[in-house]
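In what follows, a single structure is set out as structure tokens and then discussed.
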Amino acid sequence: MKQTLCYKPLAIFHLMNLSILFSLLKFGVFYLLSEYDLCFDSMNSDRECFCLFQELIAALLVCSFFCLFPATNRGAKHLQAINFDNLFVCLYESHDISQENKIKCIVHYFEKICSCMPVGNVSFERKVLPLTNSLSHISSPKANLWSKSSVSLCHFEVHSSGLIEDQPAEALEVDFANKYIGGGALFRGCVQEEIRFMINPELIVGMLFLPAMADNESIEIIGTQRFCDYTGYASSFCFSGDYKDVKGVDSMGRRKTRIIAIDALSRVGKRQYTPECLLRETNKAFCGFYDQSRRQQYENLFVDTEFSEAEFDEGNKNPLESSTRNLLTSFQSVNETSSNQPVRVNEQKWDDDKVGIATGNWGCGAFGGDPEVKAIIQWLAASQALRPFILYYTFGLESSRKLDKVVQWIISQKWNVGELWEMLVEYSRQKLKQQTKLTFFEWLLPSLYDDDPMIMDTSFT
């Protein structure tokens, strides 16, 4: 006999304030009937930035919970399923502790908004790098432009412990995304992207109107609130209680949490070393990391290899230290707050020159990417995007244990983006021709491995 379903939609409402939930439901249905097509049409265009207030997001998520969104033709529009029925079905068909804890995160979100409705805003932006030259956008760089780049490599800081969402600085936090944003959040998925969508449930609403990403697209989401704490990963994922999000807000009323979704190539095996795949992955990361307001600066950097970076260096001394200090200052007066309202300290516009990248083993794990190559690709993209730093979380991955020493050696060589790109291309060429079985780090810096037994790379052969 199958196990009784633990969290039926109507059975869990005794945990929440019904009058507020049904008010949200009424509001959400009105929006669904009156503005759904407008919402979809607005987002299905190049680099359209769309802003929703948190109460509206709550109403739409209640509609998802009650499975009120039309399910027909979503696949034809390259959209994810948005109703919650599959999340409950997965639990019923095969009771899974991680699935149960995903639902606990959603229940906790509804509990919190019923007790104190948040009042901020969340923006969703599809960023596009045109494949051809455009006057209004920078275009996807060709391989020769990467090889000619004289941009200096940005600061790279390796963290063997810790999580991207807990990073202390002002940084774009990378979502290791599926091309359909959210991945398996409302199905059986429970890895990096899906977990982020559970602890920041407002991200889920993006699945309503954000079609699949093309190779030259990324999605940036600013302002979601974190409601849940957790432990574990994948099958060991466990909701561990409330999380008090004390981040400040910007001048648009958005929490200073900036998430960038970029989808890596999946299970391409040895093809990941081809010039086409290297270029695709580097441009994908660059699409996520670039700031459109600096378009002219990027154009100059790619076109003129002698272009000086001096104008960007001013004020960027110790960028990570400065960014962390500013954020910690904003925390001081709100450390004991219990409200769900955005903390309105530091409402000034973000200084994008100080916003770095928080990332990790993007495109590895289930996607099958080479973690050493992917780390270098992200470093190249962040540097070319003029980001001041990368915080790189290895999650204890064995193959990344010498990343910090390799980074320090590369910095000591004073290589620029173009020079490191050329080394990556040469390694990949040899890999494809089976002229080396070494990992990229072993190939680049063999002396670093003299004290280790020679471990040949057989993962991608």
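Backbone N, Cα and C atoms are what each Cβ position is placed from, and that goes for glycine too.
Positions annotated as transmembrane segment by TrEMBL: 12-32 (among others).
On the 0 to 100 pLDDT scale, the model's mean across the domain 'PARG helical' (47-126) is 89. For 47-126, the entry in TrEMBL reads domain 'PARG helical'.
Remote same-chain residues near the transmembrane segment (52-71) are listed as 9, 21, 24-25, 27-29, 31-32, 81-85, 106, 109-110, 113, 117-124, 201-202, 204-205, 208, 225, 253 (criterion: CB distance under 8 Å, separation of at least six residues from the stretch ends). The transmembrane segment annotation in TrEMBL covers 52-71 (among others).
Long-range C-beta contacts of D175 (active site), restricted to its own chain and to partners at least six residues apart, with a cutoff below 8 Å, comprise I181, Q192, E193, R196, I259, I260, A261, I262. If you look up TrEMBL, you'll see D175 (among others) marked as active site.
Sequence-distant neighbours of Y233 (substrate binding site) (same chain, 6+ apart, CB under 8 A from its CB) are C190, V191, I195. Annotated substrate binding site per TrEMBL: N178, Q192, Y233, in sequence order.
Residues annotated as active site in TrEMBL: E193 (among others).
A C-beta separation below 8 Å, combined with a sequence spacing of at least six in one chain, links E194 (active site) to K102, G182, G183, G184, A185. What TrEMBL records for E194 (among others) is active site.
For the domain 'PARG helical' (47-126), the DSSP-based tally of helix, strand and coil residues reads 40 helix, 11 strand, 29 coil. Sequence-distant contacts (6 or more apart, same chain, Cβ under 8 Å) of N178 (substrate binding site) comprise G184, E193, D263.
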